[in-house]
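One structure below.
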Amino acid sequence: MERSVFYISDGTAITAEVLGHAVLSQFPVKATTFTLPFVESATRAQEVCEKINEIYRETGVRPLVFYSIISPEVRELIQHSEGFCQDIVQALVAPLQGELGVSPQPVLNRTHGLTESNLGKYDARIAAIDYALAHDDGISLRNLDQAQVILLGVSRCGKTPTSLYLAMQFGIRAANYPFIADDMDNLQLPAALKPFQHKLFGLTINPERLAAIREERRENSRYASLRQCRMEVGEVEALFRKNQIRYLNSTNYSVEEISTKILDILGMSRRMF
């Protein structure tokens with residue numbers, strides 16, 4: 001089943017995308033998506049409606065429209081398009097208003113925009129991103145006392161994207177350190193990491209998956225051979241066990257899932273909002 005899907009917002013459209021995708025993922029739908037942020041005026045809304053209506057005329061199938069818009073005028077224009085329109089935030093606001101006994105006070109861009117109340121947390125996330133970049137792949141072992149978690153693992157097991165996701169999404173200062181082929185003859189925990197053992201967390205991966213990932217980077221190399229990958233993974237997992245370092249097999253998990261599992265296992269709190 002194929003459908004055109006619109007994510008529309010008067011802000012970044014991140015909320016519409018996340019909630020809309022979460023709902024749509026429950027159905028066997030192949031989606032052609034259109035993300036339209038900052039639909040703040042009637043003129044812009046009319047343009048969006050024309051696009052929705054054009055697709056309906058061409059296909060004969062109503063596009064699915066997930067939107068989050070504060071302006072009643074803009075919202076009404078979207079609702080009168082030829083799409084199947086779902087106001088994803090209002091569907092939750094109405095029952096919550098009844099429970100709380102107070103009226104909502106919507107403010108444009110409050111969710112993902114900068115406000116006085118969230119500026120400090122935004123700055124913390126930027127600082128966490130800077131930290132992750134400065135401490136990626138063992139570039140620097142200085143200031144590890146400032147890290148909240150230090151990820152360890154073989155090359156290409158997911159350390160860098162996980163570190164950056166932890167920083168961007170949760171404001172977590174994450175460093176990461178790679179174990180490379182040259183380390184394998186006498187693999188030990190580096191002395192610089194030992195004082196921070198309580199912050200260490202290992203990532204591992206199935207050798208077959210690791211070989212496939214490395215093959216894309218260095219085709220037909222020793223680095224990408226299944227034999228090399230099996231050896232490295234085995235040695236590093238043994239190191240984790242010897243040093244009682246908690247670790248996770250990342251093979252079947254997305255970066256989002258890996259990050260969330262790390263926070264859960266380590267008992268770390270999120271800083272999203």
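Including glycine, each Cβ sits where the backbone N, Cα and C put it.
Reduced to three states, the DSSP call for Gly158 (ADP binding site) is coil. Sequence annotations record features per position, and here Swiss-Prot assigns ADP binding site to Gly153, Val154, Ser155, Arg156, Cys157, Gly158, Lys159, Thr160 based on sequence analysis.
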- [ ] Around the recorded ADP site, report the further residues of that chain (criterion: Cβ within 8 Å of the mean position of the Cβ atoms of Gly153, Val154, Ser155, Arg156, Cys157, Gly158, Lys159, Thr160; site residues excluded), sequence-ordered.
- [x] Asn176, Pro178, Leu203, Ile205
TODO: Quick one: among the binding-site residues Val154, Cys157, which has the most Cβ atoms sitting within 10 Å of its own Cβ?
DONE: Cys157
Open item on the list: Are there any residues at least 6 positions away along the chain from Arg156 (ADP binding site) with a Cβ closer than 8 Å to its Cβ? List them or say none.
Closed with: Ile205, Leu210, Ile213, Arg214, Arg217
Task: Sequence-distant neighbours of Lys159 (ADP binding site) in its chain (C-beta under 8 A, six or more apart) - done: Asp137, Leu151, Leu152, Gly153, Asn176, Tyr177, Pro178, Leu203
- [ ] Which residue among the binding-site residues Gly153, Gly158 has the fewest other Cβ atoms within 10 Å of its Cβ, if you could check?
- [x] Gly158
